[in-house]
Amino acid sequence: MKSSLTRRAQLSAPGAVRQARILGARISEFVDSVEPVETGLLGSILVFLGSLQPNSPFTSKVPGSWFLGVSSVPHPGSVLVEVLAKAAVYLGLILSGVAWVRLVRLARAGSLPRAWWVIFALWVVPLMIAGPLFSRDVYSYAAQGQMVTQGISPYHGGPNLLGTSPFLATVDPLWGNAPAPYGPLFLAVDAGLVTIAGHSPLISVVLLRLLALASVAVSGVAVSRIARRLGANEALALALTALNPVFLYTLASAGHNDAFMVALMLLGIDQFLAGRRFVGIVIVALGAAVKIPAIIAVGFLGYHWSSERTSIGERIRTTIVALVIAAALLWALGVVTGLGMGWLPALSTPGSVYSFEDPIVAVGYGVGWLAHAVGLGIGPSGVISVLRDLGDAVLLAVAAIVLLGSRRETLLRGLGIVLLATVALGPVIWPWYLTWAIVVLAIGAGELTSGFLVLVTVSALPIDLLGLPTVLAWVGYIGLGVVVRRHWGHVMGFWSETLDGAKARVEELVGRTPLARLLPWS
């Protein structure tokens with residue numbers, strides 16, 4: 001009866017809409033028909049096999065960069081083999097995405113197998129046997145670790161300062177002269193791993209990838225603990241994080257240090273929610289000593305350090321205390337490691353790259369090109385610079401409103417929103433940056449949030465099909481708009497509640513002072 005009504009509704013809809021609904025229904029039926037574990041494993045194996053092709057663009061083929069699929073001399077290649085290998089990688093990514101979406105649906109219904117780590121292992125092992133996929137950043141990490149061991153500060157310049165070191169051979173030339181935007185904790189661990197590796201570039205990369213893999217696994221454990229502590233859907237939180245293709249491909253396999261930051265941030269949040277407030281804040285601050293975005297979590301935890309009935313004055317005090325603790329820890333780590341605080345000026349390093357997956361860059365380039373064409377004397381770079389400054393201002397406003405309007409029970413949602421805004425309004429968007437927000441938004445995710453995170457993940461998959469790497473991202477943006485429009489009431493309800501909470505806090509702060517007259521809503 002239900003299917004009959006659905007079919008009649010489809011037939012009565014306008015042509016394009018009806019076709020879209022039919023296509024959507026067929027895709028949904030296909031996703032529901034797959035066996036997620038086996039399909040995900042097949043996807044990982046296909047990506048692994050495709051990456052072995054000697055001229056594969058998906059992993060480094062510089063001699064000495066990995067054990068498998070790398071020739072010691074230039075390889076002439078074969079057009080047919082290269083096409084088939086690329087097809088295998090693309091098909092593998094698609095199968096991984098389909099398997100994961102199916103797993104998320106099962107988890108939403110509470111049907112995820114309890115031994116999630118078995119699925120994690122089956123999906124990630126082929127990706128770890130392959131060379132670092134879709135990014136060469138881990139080779140830069142290895143070179144930066146070598147710099148520290150030689151007494152060269154990565155904050156004063158890029159890996160090219162190593163001179164003729166074998167570590168330079170695999171470093172992406174884009175980052176050859178770029179100072180490291182990473183905290184002293186990461187660089188100290190990085191240098192330690194390089195030392196353990198006997199200063200071997202290849203073994204250093206292996207150890208850095210194992211650090212990322214372990215961090216993703218720890219994140220899964222922490223997410224599980226937090227979800228259980230809050231009475232949220234533990235299976236769904238795990239499916240959206242540790243089993244997420246973006247985590248498996250761009251964190252674990254690629255070896256990005258974002259995995260280390262995220263793991264520490266989650267461990268700290270877990271300790272904080274368990275009542276160990278100071279310990280939790282210190283652990284999250286250690287995450288900020290890997291990459292700075294974790295400092296946002298320090299601010300949120302500080303704001304909610306005391307009880308829900310705490311005055312706004314006390315909240316501001318505890319927030320400042322938390323940030324001072326974090327700043328003191330960062331300074332102390334800089335002193336102990338001998339690296340200092342030179343990484344703070346280097347935080348602009350990622351912004352030296354223009355990515356058209358970033359809306360600010362895409363819009364800025366289009367507007368700048370038109371402005372230059374009509375003789376306004378400003379080009380794309382100038383417009384992008386202005387838009388980035390505006391983005392920073394908007395981010396500060398959003399962060400202030402969400403923080404002030406947050407409650408203890410909405411702490412993670414508020415933190416996730418601000419982290420997501422940090423990525424969206426930042427100088428550049430890389431797929432692995434999205435994991436900062438996904439890990440906290442996944443805990444307690446409802447239909448709206450889980451659907452949103454699925455679209456974010458699918459649009460972030462590294463499928464550079466037909467040489468158009470931004471197409472999937474922009475399809476994802478459109479899809480996100482559709483999801484938000486469909487759940488507009490919930491979105492506006494949350495925003496209205498947050499805004500009212502922020503207004504109440506501001507009114508409480510200014511009280512009967514003359515500043516109260518300046519409030520725009522008074």
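Cβ from N, Cα, C; glycine included.
Because TrEMBL annotations are produced automatically, they should be read as predictions rather than curated entries.
Database features, via TrEMBL:
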TRANSMEM  115-134  transmembrane segment
TRANSMEM  202-223  transmembrane segment
TRANSMEM  235-254  transmembrane segment
TRANSMEM  274-300  transmembrane segment
TRANSMEM  320-344  transmembrane segment
TRANSMEM  411-430  transmembrane segment
TRANSMEM  436-458  transmembrane segment
TRANSMEM  465-484  transmembrane segment
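Tallying C-beta pairs under 8 angstroms between the transmembrane segment (202-223) and each of 274-300, 320-344, 411-430, 436-458 places 436-458 first.
Long-range Cβ contacts of the transmembrane segment (320-344) within its own chain (Cβ-Cβ under 8 Å, at least 6 residues beyond either end) map to 148, 153-156, 179-185, 187-188, 278, 281-282, 284-286, 288-289, 292, 295, 298-299, 301-303, 305. A Cβ distance under 8 Å defines the sequence-distant neighbours of the transmembrane segment (274-300), meaning residues of its chain 6+ beyond its ends; these are 181-186, 229, 257-258, 260-265, 267-268, 319, 322-323, 325-326, 329-330, 333, 344, 347, 399, 403, 406, 411, 414-415, 418-419, 422, 436, 440.
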